[in-house]
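K.L.:
Below: one structure in structure tokens.
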Amino acid sequence: MQFSVAAVLALATAVAALPPASGTGAGQQVGHSKNDFPLPKELTTKQAADKCGDQAQLTCCNKTVKTGDFTQVEEGLLAGLLSNLLGAGQGSQGLGLLDECTNIPVIPIISIASPQEKCKQPISCCQNTKSSADGDLVGIGLPCIALGSLL
């Protein structure tokens with residue numbers, strides 16, 4: 001009985017001596033604070049639209065779907081050989097598709113930081129023509145690319 005009382009008191013003392021947890025409990029990165037494709041603050045909307053080119057529009061997208069971002073453990077002598085040769089092995093970043101996009105008006109003196117604060121996902125360049133994979137043999141349609149990945 002004496003051992004269990006001593007053990008309980010030691011445990012209570014150790015727990016009381018722990019430092020408090022940091023943060024607010026709401027997550028360490030709030031909102032758009034972690035952007036995979038950050039843009040320079042001095043970049044204007046006109047410069048950003050020029051980077052997109054004349055076949056794409058500057059847009060603000062509110063949905064990103066990332067696939068393929070995982071770690072795979074291979075076993076055996078030749079395990080993972082084919083996937084590593086095709087570039088799908090460890091370290092591959094996956095594919096990011098942007099959806100639910102709206103156009104950003106191009107005003108030469110407006111900084112890109114203003115629309116970027118309102119976007120839930122990275123500012124992107126989207127094709128002017130509708131990208132559809134309906135009826136195609138391969139079926140790939142990638143209409144939007146994050147602007148930060150082009151800089």
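Positions of Cβ are set from backbone N, Cα and C atoms, glycine also.
Keep in mind the model is a prediction, meaning the values are calculated, not measured.
Relevant sequence annotations retrieved from Swiss-Prot are reproduced here:
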DISULFID  Cys52-Cys125  disulfide bond
DISULFID  Cys60-Cys119  disulfide bond
DISULFID  Cys61-Cys101  disulfide bond
DISULFID  Cys126-Cys144  disulfide bond
SIGNAL    1-17  signal peptide
K.L.:
Taking each of Cys52, Cys126, Cys144 in turn, which of these disulfide-bonded residues have a Cα lying within 10 angstroms of the Cα of Cys101 (disulfide bond)?
P.N.:
Cys126, Cys144
K.L.:
Through the lens of DSSP with three states only, how would you label Cys119 (disulfide bond)?
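P.N.:
DSSP assigns Cys119 (disulfide bond) to coil.
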K.L.:
List every residue in the same chain as Cys125 (disulfide bond), at least 6 positions away in sequence, whose Cβ is under 8 Å from its Cβ.
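P.N.:
Looking at Cβ-Cβ distances below 8 Å from Cys125 (disulfide bond), excluding near sequence neighbours, one finds Lys51, Cys52, Gly53, Ala56, Gln57, Leu58, Thr59, Cys144, Ile145, Leu147, Leu150.
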K.L.:
Any idea what DSSP makes of Cys144 (disulfide bond), helix, strand or coil?
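P.N.:
In the DSSP reduction, Cys144 (disulfide bond) maps to strand.
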K.L.:
Suppose we draw a 10 Å sphere around the Cβ of Cys61 (disulfide bond). How many other Cβ atoms does it contain, all chains included?
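P.N.:
Around the Cβ of Cys61 (disulfide bond), 20 other Cβ atoms lie within 10 Å.
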K.L.:
Using the alpha carbons only, what distance in Å do you get between Cys60 (disulfide bond) and Cys126 (disulfide bond) once rounded?
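P.N.:
Cα to Cα, Cys60 (disulfide bond) and Cys126 (disulfide bond) are separated by 9 Å.
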K.L.:
Do you know offhand how many angstrom separate Cys126 (disulfide bond) and Cys119 (disulfide bond) by C-alpha?
P.N.:
15
K.L.:
Any idea which of the disulfide-bonded residues Cys52, Cys101, Cys119 has the thinnest Cβ neighbourhood at 10 Å?
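P.N.:
With the disulfide-bonded residues Cys52, Cys101, Cys119, fewest surrounding Cβ atoms within 10 Å: Cys119.
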